[in-house]
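The next block holds one structure in the form of structure tokens; read it before the comments.
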Amino acid sequence: MQIKRSIEKIPGGMMLVPLFLGALCHTFSPGAGKYFGSFTNGMITGTVPILAVWFFCMGASIKLSATGTVLRKSGTLVVTKIAVAWVVAAIASRIIPEHGVEVGFFAGLSTLALVAAMDMTNGGLYASIMQQYGTKEEAGAFVLMSLESGPLMTMIILGTAGIASFEPHVFVGAVLPFLVGFALGNLDPELREFFSKAVQTLIPFFAFALGNTIDLTVIAQTGLLGILLGVAVIIVTGIPLIIADKLIGGGDGTAGIAASSSAGAAVATPVLIAEMVPAFKPMAPAATSLVATAVIVTSILVPILTSIWSRKVKARAAKIEILGTVK
């Protein structure tokens, strides 16, 4: 049976399929973890420890050395994405109620959901798209996108926008596994190779545990809103990313639109933030569902939109070249 190949046909499948299975487990048998106990309970409820190991391995996979082109491109995209998320957070905090919207079509929408959906790029999706439509340097720009993984950037955005306050040691605790992994991976290439293999392997495990925090009835209630959130992520982050790629990154905008997705890891952010700041706990389930839907939507639409953009840009460039030759 080609289970893995079938799952990978779904955009973000290795994240989303286990997430859905976990949500099924939580919806129809919410006490399964406590009933079985031991290792089974650990797999069902171990979101934070599994993610801690994943962040460590993610840090170990990043090479310190990179070309100037790669750093300029990736730095431009990462800073722009985070800046846009900060602006959205600052505006949303003045419009959306403190505990999120509780009634009506926008029920479940919160500043936490907006920031979590917008401040991370799906690095793997970006790299695969740019390998097809861009240069090797542009594809390699995902190197700094790993820095967005985890709750740190969301914490910084929420903190600096005045939405939440975090003690300094909480910031350190959030980034320490990543930094230790980063240090070890760059001190010893063999350790980098060893730990980086676990990055993809751990995704289904933390996705399943994360799914066990989601009630499918919440997803049913926020489905259409989640789709609209995914579209909003592409529009709100995509336009500034295209402009930044052209003006600063030295590209034609293709990398910008390729970076306008939501990362699968962003699905875990609401739960992790709620663990640190209990005030966010009531919002976390709906925010998780919204972000999960946004991840699916952006995973489907971003490759299509990038393909259309790339074809138009290349056709325009070819036309200009022909006109120049004629003259």
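Each residue, glycine too, has its Cβ placed from N, Cα and C.
The topological domain 'Cytoplasmic' annotation in Swiss-Prot covers 1-9 (among others), and the record cites a curator's inference as its basis. Within its own chain, the topological domain 'Cytoplasmic' (1-9) has Cβ neighbours under 8 Å at 17, counting only residues six or more beyond its boundaries.
Along the topological domain 'Periplasmic' (31-41), the predicted structure has mean pLDDT 90. Swiss-Prot lists 31-41 (among others) with the feature topological domain 'Periplasmic', giving a curator's inference as the kind of evidence.
The topological domain 'Cytoplasmic' annotation in Swiss-Prot covers 63-72 (among others), and the record cites a curator's inference as its basis.
Same-chain neighbours of the topological domain 'Cytoplasmic' (116-138): 11-12, 67, 69-70, 73, 77-78, 81-82, 84-85, 88, 145-146, 148-149, 153-154, 157, 229-230, 233, 236-237, 251, 254-255, 258-266, 269-270, 273, 287, 290-291, 294-295, 298-299, 302-303, 306-307, 310, counting only residues six or more beyond its ends whose CB sits under 8 Å from a CB of the stretch. The topological domain 'Cytoplasmic' annotation in Swiss-Prot covers 116-138 (among others).
Summarising the annotation, Swiss-Prot assigns topological domain 'Cytoplasmic' to 184-198 (among others) and lists a curator's inference as the type of evidence.
Among the features that Swiss-Prot reports, topological domain 'Periplasmic' is placed at 220-223 (among others), with the record citing a curator's inference. Here the topological domain 'Periplasmic' (220-223) has, by DSSP, the following mix of helix, strand and coil residues: 4 helix, 0 strand, 0 coil.
When Cβ-Cβ distances below 8 Å are used as the criterion, the topological domain 'Cytoplasmic' (245-253) is approached by residues 69, 72-73, 76-77, 134, 138, 309, 313, 317 of the same chain, each at least six residues removed from its ends. For 245-253 (among others), the entry in Swiss-Prot reads topological domain 'Cytoplasmic', with the evidence type a curator's inference.
The topological domain 'Periplasmic' annotation in Swiss-Prot covers 275-288 (among others). Same-chain residues lying 6+ beyond the ends of the topological domain 'Periplasmic' (275-288) with a Cβ under 8 Å from its Cβ atoms: 48, 99-100, 107-110, 112-113, 116, 151, 155, 164, 166, 170, 174, 210, 213-215, 218, 221-222, 267-268.
According to Swiss-Prot, the topological domain 'Cytoplasmic' annotation covers 310-327 (among others).
Sequence annotations record features per position, and here Swiss-Prot assigns transmembrane segment to 10-30 (among others).
According to Swiss-Prot, the feature transmembrane segment maps to 42-62 (among others), an assignment based on sequence analysis.
What Swiss-Prot lists as transmembrane segment is 73-93 (among others), and the listing cites sequence analysis.
Summarising the annotation, Swiss-Prot assigns transmembrane segment to 95-115 (among others) and lists sequence analysis as the type of evidence.
Taken from Swiss-Prot, the feature transmembrane segment applies to 139-159 (among others), supported by sequence analysis.
The transmembrane segment feature in Swiss-Prot is assigned to 163-183 (among others); the stated evidence is sequence analysis. For the transmembrane segment (163-183), same-chain residues at least 6 beyond its ends with a Cβ under 8 Å from one of its own Cβ atoms are 52-53, 55-62, 64, 89, 93, 111, 149-152, 155-156, 195, 272-273, 276-277, 279-280.
Annotation source Swiss-Prot lists transmembrane segment at 199-219 (among others), citing sequence analysis. Listed as Cβ neighbours of the transmembrane segment (199-219) (distance under 8 Å, sequence separation of 6 or more from its ends, same chain) are residues 14-27, 33, 43-47, 50-51, 53-54, 57-58, 61, 108, 226, 264, 267-268, 271, 284-286, 288-289, 292-293.
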By DSSP, what is the split of the topological domain 'Cytoplasmic' (184-198) into helix, strand and coil residues? 14 helix, 0 strand, 1 coil
Does the structure show the transmembrane segment (95-115) and the transmembrane segment (289-309) touching, where I'm treating 3 or more Cβ pairs under 8 angstroms (sequence separation 6 or more) as a contact? yes
Contacting positions for the transmembrane segment (10-30) when only residues 6+ beyond its ends and CB under 8 Å are counted: 44, 122, 125, 200, 203-205, 207-217, 219, 264, 267, 292, 295-296, 299-300, 303
Using a Cβ cut-off under 8 Å, which residues of the same chain at least 6 positions beyond either end of the topological domain 'Cytoplasmic' (184-198) come close to it? 53-54, 56-57, 59-64
